[in-house]
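What follows is a structure written as structure tokens; I'll ask about it next.
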Amino acid sequence: MASFTEFLNDSSIHDDPGANVALPWAGYITLSLLMAMFSITAVILNATVIVVTLRHKQLRQPLNFALVNLAVADLGITLTGSVPSVVTNAVGYYITGRVGCVLEGFCVALFGITALCTVALIAVERLFVVCKPLGTITFQTKHAAGGLAFSWLWSLIWNTPPLFGWGSYQLEGVGTSCGPDWQSRDLKNVSYIICYFSLCFAVPFVIIVVSYSWLLYTLRQVAKVGGCAAARAESKVAWMVVMMVLAFLVSWLPYAALALMVVFNPDVQLPVLVKVVPIYMAKSSTVYNPLIYIFMNKQFQKFAVLLLMCGRDPWPSEDDASDVQTVVSPLNNKISPD
């Protein structure tokens, strides 16, 4: 197994402007502008979530810990991956050398997998609160803290091996960003990528699908005996669930599919755009996540909108009843306001 020093001294990444030319100049500028737009939006949205949580004590509840953790992870992806991509695409080549590539690849992967695990954690938390699979056991601070610790630990476990020879971090796409090397034919690298995507993508996805399927089934059962109010509640939750799953798939499935396609079919020839688009779609999740998971959450929405609008409420006449949250308990077969 290679030492960490040998790994950093690998000369496979150069600062030569012509070494990785894959797009015309206009193509790189377009990518740079798109990443600048995504970066600015992601920083504003995710920073807003963190700020309003720190400012308002009523938001610092166990069920909101995962939402804030997601914002922290997404902000990390933006600052260590998206922002550098703005610069590297603007100049048309990777400018920070081998050490920069390793650091970017590790940090983006660490924050990215933590975000994925947190999305799965949110699904599990909602399942436990709404469906109560463990009966009377309530969701507490220790459960929330344990889930967050596990998401960071799981990500760290699976993103550290490339630093010591099992897998590696290399240039990807058009050579202006770095990530796990899914193009190498080396047996150690292939085995790492298969384990990586199986345990860090497939497992969270299965957890999300199972949790939300169970949640929707419970809501449907309650709606059958709960009348119009229950039906409306089911409709709102169903819409949010659909958005959550679609956002997960749109953000990460193309990237995972591309990586596994290259791993299992090394000789496949793909157009440049096919290699580039999935990478930036995955990074765009830093914008989707706060919009769906947080700004569709009435608690956060109320304070976040006020902060973004400098204290002005754009919907002052809205009925306060619309802010009522719904909690479903299969134990008593009713829907009750929280």
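Note that the numbers count up from 1, one per residue, in the order the chain is shown.
Glycine is treated like the rest: Cβ placed from N, Cα and C.
Bear in mind that the values here come from a model prediction, so they are computed numbers and not experimental data.
Found this in TrEMBL, in case it helps:
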- 45-293: domain 'G-protein coupled receptors family 1 profile' (DOMAIN)
- 25-51: transmembrane segment (TRANSMEM)
- 63-83: transmembrane segment (TRANSMEM)
- 103-124: transmembrane segment (TRANSMEM)
- 144-161: transmembrane segment (TRANSMEM)
- 190-217: transmembrane segment (TRANSMEM)
- 237-264: transmembrane segment (TRANSMEM)
- 276-296: transmembrane segment (TRANSMEM)
Please report, as numbers and ranges, the same-chain residues at least 6 past the borders of the transmembrane segment (237-264) whose CB is under 8 Å from any CB of it.
116, 119, 123, 180, 182-183, 190, 193-194, 197, 201, 205, 208-209, 212, 215-216, 219, 270, 274-275, 277-279, 281-282, 284-285, 288-289, 292-293, 296, 326
Using a Cβ cut-off of under 8 Å, list the residues of the same chain at least 6 residues beyond the transmembrane segment (144-161) that approach it.
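Contacts with the transmembrane segment (144-161): 62-63, 65-66, 69, 106, 109-114, 117-118, 121, 124-125, 167, 192, 195-196, 199-200.
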Counting only residues 6+ away from its ends, which parts of the chain sit with a Cβ under 8 Å from the transmembrane segment (190-217)?
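For the transmembrane segment (190-217), the list is 113, 116-117, 119-120, 123-124, 126-127, 130-131, 133, 154-155, 158, 161-162, 166-167, 180-182, 184, 234, 237-238, 241, 244-245, 248, 252, 256, 259-260, 263.
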